[in-house]
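Student: This is the feature table in Swiss-Prot:
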ACT_SITE  LYS21  active site
BINDING   PRO104, MET105, GLY106, GLY107, GLY108, LEU109, GLY110, GLY111, GLY112, SER113, SER114  ATP binding site
ACT_SITE  ASP146  active site
Amino acid sequence: MDRRESSVMKSPSLRLPAPAKLNLTLRITGRRPDGYHDLQTVFQFVDVCDWLEFRADASGEIRLQTSLAGVPAERNLIVRAARLLKEYAGVAAGADIVLEKNLPMGGGLGGGSSNAATTLVALNRLWDLGLDRQTLMNLGLRLGADVPIFVFGEGAWAEGVGERLQVLELPEPWYVIVVPPCHVSTAEIFNAPDLTRDNDPITIADFLAGSHQNHCLDAVVRRYPVVGEAMCVLGRYSRDVRLTGTGACVYSVHGSEEEAKAACDDLSRDWVAIVASGRNLSPLYEALNER
């Protein structure tokens, strides 16, 4: 029995979180010939998560159990991540994966990308591959522009398509996240003819001084007015209200858990609202006791 097969038998399972992220700013500074956009953004994790359970075996097959309907395995980022890692490393092992889905889809919280990143990190361990984090980030970029930040695992300033990352230590406030009753297509927003794509870049110092714009906001609200309505409602509870990614989720920033919970309790009569705590270290690596 080779080393990888032995490790699979000794450490057969892991249950790990796949956390949400918030974009604390999102600037579009250009469009590339390949159609991708040059961005500047700041990522921070929150303690609201999907959960995935992985059990390694020698079957060679990747099997996923999920309550999500209508997503073929070939398109599911969890399955694609597992198969990509398996092909890259040339391993014969397989895995059973169970997804407990808590994060909304199409919400700008990065749930699918986070699921893919947790899959890469978990199976790298269970299959005893020993790949470093940068290698996993490079693999993740082949799955989607947001996957690398979840593998990176620390709050960061990001440029390029979001893959050039610099650790950024930030306050860890409390947030109230509102989930409007709509699904925003990222591709639709980035292809919108009215999206401004040539905004001036800023510096980290500009962001820290209060430059928190999201350049997707106007295009999103024009197409999904309920997102603008959610922002107006949140504005009753905080002066700092923002859109994460291309939405649909919006969030407000609060100085204490008590303040955030009071706002959430009030909002929950009419909206789906979640209290979350900011995290500079991903809950994934907190669970693994890594930094």
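Glycine too: its Cβ is placed from the backbone N, Cα and C atoms.
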Student: Looking only at DSSP and grouping its letters into three states, which state does LYS21 (active site) belong to?
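Tutor: DSSP call for LYS21 (active site): strand.
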Student: Would you list, in sequence order, the residues of this chain other than PRO104, MET105, GLY106, GLY107, GLY108, LEU109, GLY110, GLY111, GLY112, SER113, SER114 that have their CB within 8 A of the centroid of the site's CB atoms, where the site is the one recorded for ATP?
Tutor: ALA20, LEU103, GLY245
Student: From the recorded positions LYS21, PRO104, GLY110, GLY112, pick the residue whose C-alpha lies nearest to the C-alpha of ASP146 (active site).
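Tutor: Among LYS21, PRO104, GLY110, GLY112, GLY110.
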Student: May I ask which residues of the same chain, at least 6 positions away in sequence, place their Cβ under 8 angstroms from the Cβ of LYS21 (active site)?
Tutor: PHE43, GLN44, PHE45, VAL46, LEU109, GLY110, SER114, ASP146, ILE149, PHE150, THR244
Student: Just to confirm: which same-chain residues, 6+ apart in sequence, have a Cβ under 8 Å from the Cβ of GLY106 (ATP binding site)?
Tutor: CYS182, HIS183, VAL184, SER185, ALA248
Student: Rank the binding-site residues PRO104, GLY108, GLY110, GLY112 by how many other Cβ atoms lie within 10 Å of each Cβ and give me the one with the fewest.
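Tutor: Comparing Cβ neighbours within 10 Å for the binding-site residues PRO104, GLY108, GLY110, GLY112, PRO104 has the fewest.
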